[in-house]
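I have placed the structure first, in the form of structure tokens, so that the comments after it can refer back to it.
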Amino acid sequence: MFKIKGLRWYMIGLVTIGTVLGYLTRNAIAAAAPTLQEQLHISTQQYSYIIAAYSACYTIMQPVAGYVLDVLGTKVGYAMFAILWALFCAGTALANSWGGLAVARGAVGMAEAAMIPAGLKASSEWFPAKERSVAVGYFNVGSSIGGMLAPPLVVWAIMAHSWQMAFLITGALSLVWALCWLYFYKHPKDQKKLSTEEREYILSGQEAQHQAGNAKRMSAWQILRNRQFWGIALPRFLAEPAWGTFNAWIPLFMFKAYGFNLKEIAMFAWMPMLFADLGCILGGYMPMLFQKYFKVNLIVSRKLVVTLGALLMIGPGTIGLFTSPYVAIACCASAALPTSPCPVR
């Protein structure tokens, strides 16, 4: 049978496309917010409830989604969640009030809670430990790409047809991807198009529990007592409000504060996401550059990256000092840059 060279990179490419489409469906509500406010007479406070519904359901469902993925496996579990978020996203088109939108987006949040855990699980299955951070970096880039695509695509759908069409299109794209995932994704042990050499390279470079396929699950109490867990959770808790702001509020901010029309939103609202992508790439190289040119060790170099990121986060706090909308966008973009290299991402 024909073997595909470097098949693991095709698999992470498939994961990345799923992340792109997941964040496209997530950010569609933000790009459509000005139109929704006008046509459904939704206040800014009511819009915040819609966003809160998504975030709350996403948060509550994440540990449940991780458990379901462990039980059903990456292939079936991720496909199931992706089909659900695609249908719920398309179902958003049926809403005619802020309450209906909150229910629909909450359902999307519950399904999309599996997106990042599934990506991490696929990376652990398909990559040796030494390459896993690179693989995770690739599919994390998909989150920003999805955020970049949402404003122009959603605005185009609204101007060409209606806001309902924007959610139907984004939902349909995710549904197509879910079916492709179900067809193409297999564990390395079951993938017949994977060469023997690459299979051995992947499995020999994995931790013992992945090789044997019998990783022991940690209890909730063990996780909460784990220092590594808190090393990831605390930075995320502190940085996630910024990332959530970029995902949910920039189009509406540009519309309310600077009077941008839909075309202008489509032209500029994606820029912070572009800088988040750049940060995701640069964040991997900056520690090496600090070590090379400043002669510091690995730990210090990583601390310098995090410190530099924290300084850049000051940008949005200075928006009130300027009247130019383009300076405001630049301030937001500067703060989006470190959301990827920091531990939160």
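Note: Cβ is positioned from N, Cα and C throughout, glycine not excepted.
According to Swiss-Prot, the signal peptide annotation covers 1-32, on the basis of sequence analysis. The transmembrane segment annotation in Swiss-Prot covers 49-69, 76-96, 100-120, 139-159, 165-185, 237-257, 265-285, 304-324 and is backed by sequence analysis.
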Surrounding residues of the signal peptide (1-32) on its own chain - C-beta under 8 Å, 6+ positions past either end:
50-51, 54, 78, 82, 85-86, 89, 92, 101, 105, 108, 112, 115-116, 118-119, 122-123, 126-127, 135, 138-147, 149-151, 153-155, 158, 163, 166-167, 170-171, 173-174, 177-178, 180-181, 184-185, 188, 191-195, 198, 202, 247-252, 265-266, 269
Who are the long-range neighbours of the transmembrane segment (165-185) in its own chain, taking Cβ under 8 Å and residues 6 or more past its ends?
11, 14, 17-18, 21-22, 24-25, 28, 31-32, 74-76, 78-79, 82-83, 85-93, 122, 150, 153-154, 157-158
With the transmembrane segment (49-69) as the reference, which stretch in 76-96, 100-120, 139-159, 265-285 has the largest tally of C-beta pairs below 8 Å?
100-120
Other parts of the chain folded back onto the transmembrane segment (100-120), taken as Cβ under 8 Å at six or more residues beyond its ends:
15, 18-19, 22, 25-26, 29, 36, 40, 42, 49-51, 53-62, 64-66, 68-69, 74, 77-78, 81-82, 84-85, 88-89, 91-92, 94, 136, 139-140
